[in-house]
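A.B. asks: Right, I'll just put the structure down here and ask away after.
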Amino acid sequence: MKAIPPLESARHTLQLEAEGLDALRVALDGALGASFERAVSAMAGASGRVIITGMGKSGHVGRKIAATLASTGTPSHFVHPAEASHGDLGMIGDGDVVLAISWSGEAPELADVIAYTRRWGVILIAITSRASSALGTAADIPLILPAMPEACPNGLAPTTSTTMQMAMGDALAVALLSRRGFSAQDFRRFHPGGKLGSRLRKVREVMHSGTEVPTVSADASLSRAIIEMTGKRFGTTAVVNAEGRLVGVVTDGDLRRAFQAGFQDGPVREAMSSSPRTIEPDAMVEQALALMNDHRITSLFVLEDGRPAGILHLHDLLRAGVA
């Protein structure tokens, strides 16, 4: 076989895989679409878990699908079909739904799993390209994917097929999370780590509170504001009225402008900015970062019932792994 230049090979591979995904999308307008809706209903209605199984590359795809389902609100785990034949069939319980993946539908290792689901009345969903295969004919809900050529020059290595299987798994997971009303905060419950988990933390989890929050009254002097700003080291202070509600903020820039205008002996209210950007404690920290970036500021006061409950600095977001 003549060697193909790397970029030409890459473009050809991506073209074939893109065609596979497009064929999959079009197929949803037909029988596959009806089966897809039945599969989503069965998985959403399961009183147990969604058990994923598959052999070889289909098994690797299955592990990823199980992980995606579990992290988006659908309890799921992977059972290796060979291990299933040696005791792991016991991991499939009452109320479970089995999703079996095999491009050919003839993986012999799946035979015992198929037989088990038939014997005990477990719903079997199949992802395969052959309706007439052992898996396709046994399944309660067969998801028959269009048979498309592999990107491998020999037409052997699973490439286009695994891309299509993975995409179908993602489509099922997204449809299920949408059906469940799965929110960003729900996602964080299962994914507290890494960049994604950091972005979904609440402001109250990283803000400074209590005596750390710089605060002065509207009648305080500018010199008092300077002492508060210097002591708390945020470069700003909240300005509150007699009820403790925020009426403005004073920043380093406000101080410079006040001194330039000769207001250094006046009350804080004459120098403060009266329409500061604020955020609520239950907002997500990525919202705080967006506010800071959009308005080119480095601090946000956190309000509860109009009163300063905390302050959040850009450095806090950096330490939290958000910025």
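Including glycine, each Cβ sits where the backbone N, Cα and C put it.
Residues or ranges marked as Zn(2+) binding site in TrEMBL: His80. Per TrEMBL, domain 'SIS' is recorded for 39-182. Per TrEMBL, domain 'CBS' is recorded for 207-266, 272-323. As annotated by TrEMBL, site 'Catalytically relevant' applies to Lys57, Glu109, Glu150, His191.
So where do these features actually land, and what's packed around them?
C.D. replies: The number of other CB atoms found within 10 A of the CB of His80 (Zn(2+) binding site), across every protein chain shown, is 18.
In the three-state DSSP classification, Lys57 (site 'Catalytically relevant') falls within a helix. In sequence order, Pro158, Ser161, Thr162 are the residues of the chain that are 6 or more apart from Lys57 (site 'Catalytically relevant') and have a CB within less than 8 Å of its CB.
In the three-state DSSP classification, Glu109 (site 'Catalytically relevant') falls within a helix. Proximity of Glu109 (site 'Catalytically relevant') to non-local residues of its own chain (separation of 6 or more, Cβ distance below 8 Å) is seen for Met55, Pro81, Ala82, Ser85, given in sequence order.
The Cβ neighbour count for Glu150 (site 'Catalytically relevant'), using a 10 Å radius over every protein chain in view, is 20.
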A.B. asks: Can you give me the average pLDDT across the domain 'CBS' (207-266), rounded to a whole number?
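C.D. replies: Mean model confidence (pLDDT) across the domain 'CBS' (207-266) is 90.
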A.B. asks: Per DSSP, what is the residue count of the domain 'CBS' (272-323) in each of helix, strand and coil?
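C.D. replies: Taking each residue of the domain 'CBS' (272-323) in turn, the totals are 17 helix, 17 strand, 18 coil.
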A.B. asks: Could you count the residues of the domain 'CBS' (207-266) that DSSP puts in helix, in strand and in coil?
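C.D. replies: Secondary-structure breakdown of the domain 'CBS' (207-266): 23 helix, 17 strand, 20 coil.
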